[in-house]
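Pulled from Swiss-Prot, these are the features on record:
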type	residues	note
BINDING	11-72	NAD(+) binding site
BINDING	Asn151	substrate binding site
BINDING	Cys173, His209	Mn(2+) binding site
ACT_SITE	His174	active site, proton donor
Amino acid sequence: MKYNGDKVEGIKIAYIGGGSRGWAWRLMSDLALEQSLSGTVYLYDIDYEAAKTNEIIGNNLKSQWEYKSVDSMEEALKGADFVIISILPGTFNEMMSDVHTPEKFGIYQSVGDTTGPGGLFRALRTIPLYVEFANKIKKYCPEAWVINYTNPMALCVKTLYETFPKIKAFGCCHEVFSTQNLIAKAAKEIEGIECSREDIRTNVLGINHFTWIDKATYKNIDLIPVYKKFVEKYFESGYEDRGDWKESYFNSANKVKFDLFNKYGIIAAAGDRHLAEFIPFFGYLENPEAVAKWKFHLTPVSWRIKNREELIKKSKKMAKGEEKFEIEPSGEEGVKQMKALLGLGDLITNVNLPNRGQMEGVEFNTVVETNAFFTKDRVQPIISGKLPDTVNMLLSPHVLNQKMIFEAAIKKDKELVFHAFLNDPFVRKLTYSDAKKLFNEMFDNAREYLKGW
């Protein structure tokens, strides 16, 4: 890697999960648009053919980046300046169990990748992989900056740091961005203020997918009262800022978000599908009819399987030149973060990092999501303060479970992970006997990934 004026050339990016048909394509697009950076992206994936296809797609863009698929993680990592991780831990068969087995016991999960029974078992598959990633990063590129996109985000980042304490890693999630966009729309509709999400200053604090905003300003204007008026206007009907909520599993009318604002007076800053899973006792996920009433969706794994098949077809067409790869800004910030870390301009954005005091009221080393300051070769968390006690209480079981699930996965302690399972708000509605039955069934479904337990 070398600097040439205001450009950086010869950058090496290692991509673990380089066969991705989502995050990898977004990265390709953003890199092609950023003229100040150039280099090589090494694509590693357990599905080598998927990585090879992405190599062809990336090189067809004829950008300032070269893409190389490799069949060993070591080759990808050796001497890397940046490491990007976006993987599916296990297969959709396991995710089918994560999401749908609990439905036999009346537990409905809208995503199933972060919290709840599904999030827990996904974590048990993920943590051993991240121990391996951290150890190989330590060996082959200890000074690289590591960007994680995989869920469960908090436990992925925690595993990287617990395994390799000197790692330079952070986790990125776009959920807060959509809430900032919503605040900008509220400012326009209520006060006639034209602004983008980047123009708004927000204080972000919480844990991934259960993040909150307690301060939002545009110039000297406090936007919390503006958002309050917006919520009052749209609470009953909802506000469909991304189109008809019925048209996509990923759309909602923000009614969960609005309800939480009415209950707690601060802005819940994630999508309704994610927020609802942390607080199932509010009834948002009581049954499919309740979900429809709150105007969001349960996302069936069958849809993910069908969508994957469509993306595979799309990737083959793009590799053959039969379909055009659209180069457009993805809305993600990974490339902006790289630029800042390379010294090409500072950046403030929200990321997931171990708590070193940036968030009060949460145990040290818990992975929290707050704003951070990015500058050359440094990410400095920004003091975010403390959530109201009433909101912090909602976080508590999830913060404790983050610690217990990690410890159980490292020790392969089935009894401890069952206690974490019992502590999850979803599971508390069950009798002990039913909780044990559900746990054992899900454990058996995941046994291929739980050898030695």
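Even glycines carry a Cβ here, placed using N, Cα and C.
What Swiss-Prot annotates, mapped onto the structure for a quick look.
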{"residue": "Leu27", "record": "NAD(+) binding site", "DSSP class": "helix"}
{"residue": "Gln35", "record": "NAD(+) binding site", "DSSP class": "coil"}
{"residue": "Leu43", "record": "NAD(+) binding site", "DSSP class": "strand"}
{"residue": "Ala51", "record": "NAD(+) binding site", "DSSP class": "helix"}
{"residue": "Asn59", "record": "NAD(+) binding site", "DSSP class": "helix"}
{"residue": "Tyr67", "record": "NAD(+) binding site", "DSSP class": "strand"}
{"residue": "Asn151", "record": "substrate binding site", "DSSP class": "coil"}
{"residue": "Cys173", "record": "Mn(2+) binding site", "DSSP class": "coil"}
{"residue": "His209", "record": "Mn(2+) binding site", "DSSP class": "coil"}
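Considering other CB atoms within 10 Å as the measure, the emptiest surroundings among the binding-site residues Ile11, Leu27, Ala51, Cys173 are those of Ile11. Residue pair Cys173 (Mn(2+) binding site) / Leu43 (NAD(+) binding site) shows a Cα separation of 21 Å. DSSP gives Ile11 (NAD(+) binding site) a strand state. Of the candidate binding-site residues, Gly19, Leu43, Ala51, Asn151, the one lying closest to His209 (Mn(2+) binding site) when CA atoms are compared is Asn151. The Cβ of His209 (Mn(2+) binding site) has 27 neighbouring Cβ atoms from other residues within 10 Å, across all protein chains displayed. Cα of Leu43 (NAD(+) binding site) to Cα of Asn151 (substrate binding site): a distance of 20 Å. Cα separation, Leu27 (NAD(+) binding site) to Asn151 (substrate binding site), rounded: 18 Å. Rounded to a whole number, the distance between the Cα atoms of His174 (active site, proton donor) and Ala51 (NAD(+) binding site) is 24 Å. Neighbour counts of Cβ atoms within 10 Å were compared across the binding-site residues Gln35, Asn151; the minimum falls on Gln35.
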